[in-house]
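TrEMBL lists 65-82, 88-106, 111-129, 135-156, 176-196, 202-222, 251-269 with the feature transmembrane segment.
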Amino acid sequence: MMADQGATAKPRSELALRVVSSLVLAPLVLGATWYGGWPFGLLWLVAAVAVWWEWCGLVDQPSRWTVFALGTVGIVIAALALEFRQSLIAIGVLLATTVLATALAAARREWSGAGVIYSGAVALSPVMLRQDSEWGLVAIVLLFAVVWGTDIAGYFGGRAIGGPKLWPAVSPKKTWSGALSGLALTLVLSVLLGWIAGVRSVVVLALVGIVLSAVSQAGDLFESSMKRHFGAKDSGNLIPGHGGVMDRLDGFIFAAAAALLIGLAHTGLESPSRGLLIW
C-alpha cells in the first residue's frame, strides 16, 4: 500500500513541477516575443547555450569543455552580430565555429559540428524572423501555433484514435493518427491566423503550416533517435518537471530553421518573415 502511494505521489509531484515551470516560462517567452528586440534575442541566446550544453553532455566526448567553450563563444558572437542586423556575419561566424568545433573535437567530430548548427539555429532562426517590424510577430506566432498545435493534436489524436505506430523503434508512443491529427489542426490554425493577420494567400500559408508541422514532427523524432543512440532518457534536467531544454524545443528548432529557409528562399535576407507569410 505504501509503495502504491509513493508511486502515485511521484507522478503528481512531477505534474506539479511541470505546471509551475510552465507558469513561469510561458509569460517570459510570450512577453519577450511580443516585445521583440534585445529581450527576444537574449531569450533565444540563453536557450541556444542551454541546448548546446545538453548536446555536449549527450555526445559526451573527451574534449567536452573545450568544444563547449568554443561553441558558446561562436554562438554568442553570432547572436551579437544579429542584434546589429548583420545576418551574413552571424551566419558566417556560425559556420566558422562549426568547422573549428569539428576540428578540435577529440572524438565524435561530426556530432560536435552538427551540434553547433543545431544550437546556433536556436539563437538565429527565431530572431531573424522576428526582426521584421511588420510581419515578424506574425511569423513567430505562426511557429508557436504550428509546434504547439502539432504536439497537442498529436497527443490527444493519438490517444483517441490509436492505430499503427509512426516509428516504434525510436518513439514507441507516437502513432500515424497522432501525426495526421497534428497536420490537420495545423492547417486550421494556419488558415485562422492568416485570416486574422490579413494575409492574402491563406491557402499557400496553410500549405506552409503543414510543411512546418511535418518538419516539427521530424525534429521530435530526430531528438528521440539521438537520445536512444546515446542511451539517454532526457537531454538534461534544466527545466524542472520537463527534462531538458532540447526536450522542449526539439520540434520548434527544426520548424524555426525550416521557416527561416523558406523565407530566405522566397525573399532573401531583407525580410524572411515576409517571405514566409506573403505569397
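Each residue, glycine too, has its Cβ placed from N, Cα and C.
Keep in mind that this is a model prediction, so the values were computed, not measured.
Among the recorded stretches 65-82, 88-106, 111-129, 135-156, 202-222, the one sharing the largest number of Cβ pairs closer than 8 Å with the transmembrane segment (176-196) is 135-156. Sequence-remote contacts of a segment are chain residues at least 6 beyond its ends whose Cβ falls under 8 Å from one of its Cβ atoms, and for the transmembrane segment (88-106) they are 61-63, 66-67, 70-71, 73-75, 77-79, 81-82, 112-113, 115-117, 120, 124, 269. Residues of the same chain lying 6 or more positions beyond the ends of the transmembrane segment (111-129) and with a Cβ under 8 Å from any Cβ of it are 40-41, 44-45, 47-49, 51-52, 55-56, 59, 61, 67, 71, 74-75, 78-79, 82-83, 87, 90-91, 94, 97-99, 101-102, 104-105, 136, 139-140, 143, 249, 253, 256-257, 259-260, 263, 272-273, 276.
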